[in-house]
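*Asks:* One structure, pasted below without further comment.
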Amino acid sequence: MVLLCASTSPTISIPHPLLSPLKPPATFLCHSSKTSAVTASSPTADQTPSSSSLSDQLLPLSLTLLTSQPTSPSATVAPPPRLPAKPTWTNPSKPRPTVLALRRQPRPPFSHNPSLRPLTALSRTLRLSPDLPSALSAAFPPGHSPSRDDALLLLNSLRSWQKSLQFLDFLRSLPDFPLDTIFYNVVLKSLRAGHQWHHVERLAGEMIDASVPLDNITYSTIITAAKRCRRFDGALRWFERMYRTGLMPDEVTYSAVLDVYARLGHREEVVTLYERACASGWRPDAVAFSVLGKMFGEAGDYDGIRYVLKEMKDLGVKPNAVVYNTLIQATGKAGKPGLARSLFEEMVAAGLSPNEKTLTSLIKIYGKARWSRDALELWERMKSNRWPMDFILYNTLLSMCADLGLEEEAEKLFEDMRRPDRYARPDSWSYTAMINIYGSGGKPDRAVKMFEEMLEKGVELNVMSCTCLIQCLGKARRIGDAVRVFETATERGIRPDDRLCGCLLSVAAVCEEGGETDMVLGCLKKANNRLVGLLKMLRDEQVGFGEIKDEFRGIMNEAAVEVRRPFCNCLIDICRNQGHPSRRANELLHLGNLYGLYPGLHARKSEEWSLDLRSLSVGAAKTAFEEWMKSLWDSVVEEEEEEVLPFSFSVYTGSGTHKFSQGLASSFTSHLNEVAAPFRQVEDKCGSFVASKEDLVSWLRATFSPAAVVNA
């Protein structure tokens, strides 16, 4: 088989090996102005077809053509045309992908690229140089400016925002250097990483003054920098400017602005911006939905959380671990533990492994909802699936056990933390949880043993562990041990806080007058001398109510909000238990009501009047009940007001959901029996007492009438 090709360049005729099984001799004809035809013979016919290959057949051709006389320049074969670069497909209807595939256009790392080795060395020199302007002057003397690409690589390699600004100033000083938007964007990102909002806004203003165009990346960097620096007003201002210039925000900018509105609490603006962005063709990503879920969760908006879940399902967005964590936390804040559990199961079914943050959030939700069984089942799943567990997760589990009174489960957890193969070792909060559990269970010896072990192992003390132990020892009437714990804590550098002061007040309330009370007040004087001064004023009958009121108001203003009511409760208990003037407890209760420490204490309906004592101590509850009975007697005395009284009266003390909680029910029951009040406990409601109008009025007449008082 002969193939002929005629042209000005050499023509080659070769046999096709697949179409000629006998492989006859091949003829190669080359026609040109200065060369003649060349004939070469292939292997002889007696050779087997399988012994020859295409390379064997082309061997004579290569020997003849490559060693022939050189042709004239006019007859030189032209190189094949250079193929154009592979085009990049751009779909105008869809946004450009933000991340390229990892397998596209592979290139060696920056440090291993031979052509960039001098630039790598210079970059390292600039990063380590304490004087960047001098180093730049030495590297680029006058007349030797860096190229645009080299300058961009050097600027991008500088990690310090101070050096980024200095390098930008150096480029500005070069004559005719093409300083465009991308250089400013790199510097802005460096300033954003350094949380330098003042320089970010100044540099953006310089770009506007120098007529340097601000592109989408510029605005996105400025807005996200304002968000990181918590300059939310600046983020919104630049976002509005971006809209006025006609630039469309990208997914990063939209998510950042949504987060800004959410942190400001502007939920309506968040929803409006989200819907407007979706209408403009923006496709929300997982970050945007995480922002929405967090916003609705902090507001406790269950409908908003359902809206986020529906939008994700309609748009086909698959949540990642961050989104699931945010939604689980949001459902917990909204008081929906069931939905949090469903989201967790959906996360596991989707093949995503929960991390420490996921499990910690779920344990907190279960503990708040008092779902002890679900929490313990989750712990078993953690161990069987070998999910990551850090000390925060362990401490959360221990705190939940302390809240629910799960002593045995807490001991198993604590022993599991002690295992040498565990990364999470017991810390101060782990020991605090165990001390709290033993203290709540009425086991002061085990609580003291845990405290001593804490000291022996060199675990740092915290004020909460000392508070729990002092509270436990005070209930056990071991006042001397409680005082020694306080002295040990102060010697170790523990600074008493308001909670510890309240604990000392509660211990003083159960002490008998004499040495024990003086010991506790000596500790309280070191913690808060002003409280000791108020106790002395309450004991002195010569001190008027106005002075008590002023000092009480001053102490409450200085104290944390969460300890103001316990302070008042303990002060009332001390007045009732230690022989203070009888009117002092009533005056303190009046001040507590005056300053809003007991909201919802009284409630009046047409059919029922009630007294809610669940937030009061035993002494304060007795005082409030006595005050309520006196006010009802005043209504009975006024005959025209007796008809206004409802048909029933109720008192709520609460039952105490803690396993070891004693509550007010037992103490209040004893008090009712002592005064022979007609209140009886409701059978199906523990901690609820009720009395009819006829029985209560009859008891009031028998107790508070002048004849009854004289006989008493």
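Cβ coordinates are placed from backbone N, Cα and C, and glycine is handled just like the others.
TrEMBL entries are annotated by machine, without manual review.
Pulled these features from TrEMBL for this protein:
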- 611-697: domain 'Smr' (DOMAIN)
- 69-99: region 'Disordered' (REGION)
- 215-249: repeat 'PPR' (REPEAT)
- 250-284: repeat 'PPR' (REPEAT)
- 285-319: repeat 'PPR' (REPEAT)
- 320-354: repeat 'PPR' (REPEAT)
- 355-389: repeat 'PPR' (REPEAT)
- 390-424: repeat 'PPR' (REPEAT)
- 427-461: repeat 'PPR' (REPEAT)
- 462-496: repeat 'PPR' (REPEAT)
*Asks:* Could you break down the residues of the repeat 'PPR' (355-389) into DSSP helix, strand and coil, giving a count for each?
*Replies:* 28 helix, 0 strand, 7 coil
*Asks:* Near the repeat 'PPR' (355-389), which residues from the same chain, at least 6 beyond its ends, have a CB less than 8 A from one of its CBs?
*Replies:* 321, 324-325, 328-329, 331-332, 337, 340-341, 344, 347, 396-397, 399-400, 403-404, 406, 409, 413, 423-424, 657
*Asks:* Please count the residues of the repeat 'PPR' (215-249) that DSSP assigns to helix (H, G, I), strand (E, B) and coil.
*Replies:* 26 helix, 0 strand, 9 coil
*Asks:* By Cβ distance under 8 Å, which residues at least 6 away from the ends of the repeat 'PPR' (250-284) in the same chain are close to it?
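*Replies:* Same-chain residues near the repeat 'PPR' (250-284) but 6 or more away: 95, 98, 216, 219-220, 223-224, 226-227, 232, 235-236, 239, 242, 291-292, 294-296, 299, 301, 304, 311, 315, 317.
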*Asks:* Same chain only, please: residues at least 6 beyond the ends of the repeat 'PPR' (462-496) with a C-beta under 8 Å from a C-beta of the stretch. Say none if there are none.
*Replies:* 428-429, 431-432, 435-436, 438-440, 442, 444, 447-448, 451, 454-455, 503-504, 506-507, 510-511, 516, 519-520, 522-523, 526-528
*Asks:* Other than its close neighbours in sequence, what residues sit by the repeat 'PPR' (320-354), given a CB gap under 8 Å and a spacing of at least six beyond its ends?
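*Replies:* That would be 286-287, 289-290, 293-294, 296-298, 300-302, 305, 308-309, 312, 361-362, 364-366, 368-369, 371, 374, 387.
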*Asks:* Helix, strand, coil residue numbers for the repeat 'PPR' (462-496) per DSSP?
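*Replies:* Secondary-structure composition of the repeat 'PPR' (462-496): 26 helix, 0 strand, 9 coil.
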